[in-house]
Amino acid sequence: MGEMSRFHWADYVVTVACLLVSLGIGVFFAVFHGGQKTKEEYLLGNRRMSLAPVCLSLFVTFQSAISLIGSPADIYITGTMVFYNSVGIAFSYVIGYFTVVPLIYPLHVTSVYEYLGRRFQSTGVRLLGTIIGMIQTLSYMAVALFSPALALQSVAGIPLWMSVAIVGAVGTIYTAIGGIKSVVWTDVFQSVVIFVGMATVLIKGILHVGGFTAMTEIAKDGGRIIFDNVNPDPRERHSVWSCLIGMSVIWLVGCFNQSAVQRICALKSLADAKKSFLINIPLNLLYGAILLLTGILLYAYVVTIGCDPYEMMPYFVVHVLSNLPGMAGLYMAMLFSGALSTFSSGINSLAANTVEDLLASCIRRWRDATITVAAKFIVVVYGVVSIGLAYLLKSLQGPVTQMSLSAFGACGGPVLGMFVLGGAFPKGNKY
């Protein structure tokens with residue numbers, strides 16, 4: 001790939017500033033908003049949170065650094081059919097609008113798996129769903145922490161352990177002290193960083209390769225502009241059907257995930273909960289379109305460079321934007337923001353599952369304030385575990401998007417089946 005570019009001091013300033021702002025939001029809610037003293041406030045914001053921040057939080061929870069790195073690389077390798085994944089995601093929110101929200105929100109639950117216990121009248125079914133769902137969340141968080149750290153180690157010389165430790169520590173601290181309000185509002189800040197960073201990279205990159213027309217012509221000549229693959233063969237990695245059907249099902253798994261349900265249950269009304277899903281449709285299509293253009297840009301830039309596709313995006317930024325102090329740092333901040341949003345949402349949801357599903361019978365007699373303190377401690381425990389798992393992933397090989405979707409689907413599929421059985425089949429039971 002050539003010699004690594006050295007970061008300017010301004011790049012580190014931008015990156016550190018992003019991390020400090022995220023940490024500061026957590027401190028703000030811990031100090032100036034009463035320290036989140038009740039379980040309801042800590043995990044659900046007293047069910048009085050506003051629509052706009054929750055919409056952005058719902059969006060960035062699953063659109064992590066994995067997609068920021070992996071999707072442009074997939075487009076470089078296989079072409080623009082990858083965009084149909086975003087269409088599939090949008091379709092899953094349409095399905096969720098008619099299924100997830102009206103099924104779960106009226107129950108006023110804290111844990112999504114409470115529904116399984118009530119519907120099937122079985123603590124065992126509830127615990128089974130909880131454990132599988134928690135494994136799913138842990139594995140996805142580990143990949144979300146690992147993927148940007150690996151890329152930055154390869155092209156910028158930042159040790160993998162350092163990236164994982166810094167992002168993990170910052171995310172754990174602000175989530176533990178600030179609760180769901182801290183997580184949601186840091187997600188808002190991080191979503192702004194992500195969109196600004198992506199727009200900056202895209203505009204600068206298009207100018208660097210000679211303009212939009214030149215960029216698309218290079219990709220077209222290389223056979224990367226493809227939108228008409230309708231091959232019905234299920235073994236086809238990217239066809240209209242595999243992307244639309246596959247991604248809509250995968251993302252529906254996410255809609256029934258604790259992180260998503262915890263957000264819609266934190267909203268003031270059923271109408272707001274439905275709106276949060278509707279607003280995420282254009283948000284995800286816009287995000288997919290930006291990733292599409294970024295992938296085409298990467299192909300136009302690195303078509304003659306020998307480079308690991310899953311390191312191309314950081315490599316491109318470090319080399320092309322290195323003459324603009326702070327711009328490479330903005331990209332680093334964007335990757336860290338993507339990782340933080342997924343990580344903080346995950347450990348917060350794991351704490352909710354632990355308190356509500358695993359330890360409910362043991363802590364029933366505890367005071368509410370004591371349960372809240374326990375939840376904060378549990379957040380720290382899961383933060384440390386996730387950091388360790390992310391570091392262990394360095395021994396695995398394969399595309400980051402494939403790893404994340406495999407882990408997400410393998411665990412989430414059975415749980416989705418439980419919810420579909422309970423919601424769509426009145427005679428379905430625990431047997």
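Using the three backbone atoms N, Cα and C, a Cβ is placed for every residue, glycine included.
All TrEMBL annotations are machine predictions without curation.
The structure displayed is predicted, hence computed values, not measured ones.
As written in TrEMBL, here are the features:
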type	residues	note
TRANSMEM	12-31	transmembrane segment
TRANSMEM	51-70	transmembrane segment
TRANSMEM	82-105	transmembrane segment
TRANSMEM	125-146	transmembrane segment
TRANSMEM	158-176	transmembrane segment
TRANSMEM	188-207	transmembrane segment
TRANSMEM	277-301	transmembrane segment
TRANSMEM	373-393	transmembrane segment
TRANSMEM	405-425	transmembrane segment
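Long-range neighbours of the transmembrane segment (373-393) within the same chain, counting only residues 6 or more positions beyond its ends whose Cβ lies under 8 Å from a Cβ of the stretch, are 39, 42-43, 138-139, 141-143, 145-146, 149, 160-161, 164-165, 168-169, 171-172, 175-177, 343, 346-348, 350-352, 354-355, 359, 363, 366, 403. Counting residues 6+ beyond its ends, the transmembrane segment (82-105) has Cβ neighbours under 8 Å at 71, 74-75, 112, 115, 227, 238, 240, 243-252, 254-256, 260-261, 264-265, 267, 270, 273-274, 277-278, 280-281, 284-285, 287-289, 291-292, 295, 419, 423 in the same chain.
Nonlocal intrachain contacts for the transmembrane segment (125-146), taken as residues 6+ away from its ends with a CB within less than 8 angstroms of a stretch CB, comprise 64-66, 111-114, 116-117, 160, 164, 167-168, 257-259, 338-339, 342-343, 346-347, 349-350, 353-354, 357-358, 382, 385-387, 389-394, 400, 403-404, 407-408, 411-412, 414-415, 418, 430. Away from its own ends, the transmembrane segment (277-301) comes close to residues 51, 55-56, 58-59, 63, 67-68, 71-76, 80, 82-83, 85-87, 89-90, 93-94, 96-97, 100-101, 195, 198-199, 201-202, 205-206, 208-209, 214-216, 218-219, 222, 224-225, 255, 264, 312-313, 316, 320 of its chain (Cβ-Cβ under 8 Å, at least six residues beyond either end).
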